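Feature annotations, reproduced from TrEMBL:
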type   : residues : note
DOMAIN : 1-81     : domain 'EH'
DOMAIN : 25-60    : domain 'EF-hand'
DOMAIN : 105-193  : domain 'EH'
DOMAIN : 137-172  : domain 'EF-hand'
REGION : 206-231  : region 'Disordered'
Amino acid sequence: PQVDSANAGRVLASDAAVFLKKSGLTDLVLGKIWDLADTDGKGILNKQEFFVALRLVACAQNGLDVSLSSLNLPVPPPRFTDTSSPLLLSGTASSDVPWAVKLEDKAKYDAIFDSLNPVNGLLSGDKVKPVLLNSKLPVDILGRVWELSDIDRDGMLDRDEFAVAMSLVYCALEKEPVPMSLPAALVPPSKRKPISVPGAMPLIPSSTSTKESHQSLPPVGILAAKTPLTQ
């Protein structure tokens, strides 16, 4: 029989899903977290299981593997942001965390960036792809590297985003797992200020394909979204 949902000690799958989504993690990762936490597969978490889920969210956000063995590792508490904010990352990365990309590494990444002939300070996916593939890492890992480093989701990498991508590739080559969501310390300082442009929301269309969205957006809108970063 279904456990009475009015019983306060239980969390239903549907309620938990809404809450866990605010962690900014992908559905794939959240599904894995749920499977590990919902030990008896009933689709309901008791208090203990819900704490396990929260702990796994924290692990994923801090670049640790989503597995029961990570539960004993020390991690900061999970971060949840209001999903209605246009840029999830800008809410989570506090501006005073030093950037994890070291200066001497940044100089190396900048040199590679410049050698790829960026246009208006941006590299398209086509130009970045050969560099990523060159690392000989599995394609699914490289896909995640791209997802994490294209912080403003415009299908292009700027100098800082490219440094994030390179940094993640080098971590993966050192056999460190690529995190499921970008740790606060890796978010470039230039991306940490919440962008307050009126109408910033429609600039990040999730449902329409990128082709359509580029046609429907006036170029001015794209420029307006970029300007606060350069001030």
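Backbone N, Cα and C atoms are what each Cβ position is placed from, and that goes for glycine too.
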Query raised in the report: Which whole number is the mean pLDDT over the domain 'EF-hand' (137-172)?
Result: 95
Query raised in the report: Tally of helix, strand and coil residues over the domain 'EH' (1-81) according to DSSP?
Result: 40 helix, 6 strand, 35 coil
Report task. Taking helix as H, G and I and strand as E and B in DSSP, count the residues of the domain 'EF-hand' (137-172) in helix, strand and coil. Result -> 25 helix, 3 strand, 8 coil
